[in-house]
Amino acid sequence: MLRDLFVKKKKYAAIPSEQVRKDVPDGVMTKCPKCKKIMYTKEVLKNLKVCVNCGYHHPMNAWERLDSILDEGSFREYDKEMVSLNPLEFPDYEEKLESDRKKTELNEAVVTGEGTIDDMLVVVAVMDSRFRMGSMGSVVGEKIARAVEKAYDLQVPFIIFTASGGARMQEGILSLMQMAKTSVALKKHSNAGGLFISVMTHPTTGGVSASFASLGDYNLAEPGALIGFAGRRVIEQTVREKLPEDFQTAEFLLEHGQLDAVVHRDDMRESLRKILEVHQGGEMAVWQS
């Protein structure tokens, strides 16, 4: 139109999106998925990967978790050399395993070993959701069972941090049988008076939640963790009802008696220390032959 000729247009400097991305190197900033606040990654790491604005607990890898709860330099790893094979010849499974090994620098989805918390010896297992979404295959189950047996032999408590999508479909029944294997090992440990502390982190689902994750003498969880067996949509379609908004969260499970406590990451080491201290010399520490 003619009037557009007499209207002074605003001038804008066009900045290519690629140029913007280059100005901020990858990994320098972290965006909270809950409150959407953008902050320096170093601040998030300094705060144990908890959002300083809303308290959202970002996922931790296995080594970060171990560093946050164990005495410095006390950890000794078990069964590091164990790796999964492809007994069912599932297509592309070996390639995916190798890709995850390179990406995570782990051989499997769980790290096991022994260490101390305030000089109290424990055997610990930490699942890492970066490796095949923390799914439980034959090696994951075997490493956890061996760790429990080591706790039995040493007559010390066993602690596990779970983060898993459930059983690993590429291993079929070999994966499902790990539910029984780990549960039997924990039963032996319990019958001997052994203490087992399970800490469920986001997410703990499927066969893991239906087996060893829920068998603790103390069942703890981090705030906001998703904990359940089947997915929300599957359950709603099955029962034909709308589920509560907070269904399958750690807080929901605590309210309904399925957890003993929801523990903030800042308080996790101290909470574990107190539990261990209470059971030193008590009934749970009386081992039977």
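Any Cβ shown, glycine's included, is placed from N, Cα and C.
Residues or ranges marked as Zn(2+) binding site in Swiss-Prot: CYS32, CYS35, CYS51, CYS54. Taking Cβ-Cβ distances under 8 Å and a sequence separation of 6 or more, the neighbours of CYS32 (Zn(2+) binding site) in its chain are ILE38, MET39, CYS51, ASN53, CYS54, TYR56, HIS58.
Taken as a whole, the domain 'CoA carboxyltransferase N-terminal' (28-289) shows an average pLDDT of 95 in this prediction. Annotation source Swiss-Prot lists domain 'CoA carboxyltransferase N-terminal' at 28-289, citing sequence analysis.
Note: the zinc finger (32-54) comprises 6 helix, 4 strand, 13 coil (DSSP; helix = H, G, I, strand = E, B). According to Swiss-Prot, the zinc finger annotation covers 32-54, on the basis of sequence analysis.
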For each of CYS35, CYS51, CYS54, count the other CB atoms within 10 A of its CB; which of these binding-site residues has the top count? CYS51
Chain residues in Cβ proximity to the zinc finger (32-54) (below 8 Å; excluding those fewer than six residues from its ends, i.e. six or more beyond): 60, 64, 68, 224, 264-266
Around the Zn(2+) site recorded as CYS32, CYS35, CYS51, CYS54, what other same-chain residues have a C-beta within 8 angstroms of the site's C-beta center? PRO33, LYS34, LYS36, LYS37, VAL52, ASN53, GLY55, TYR56
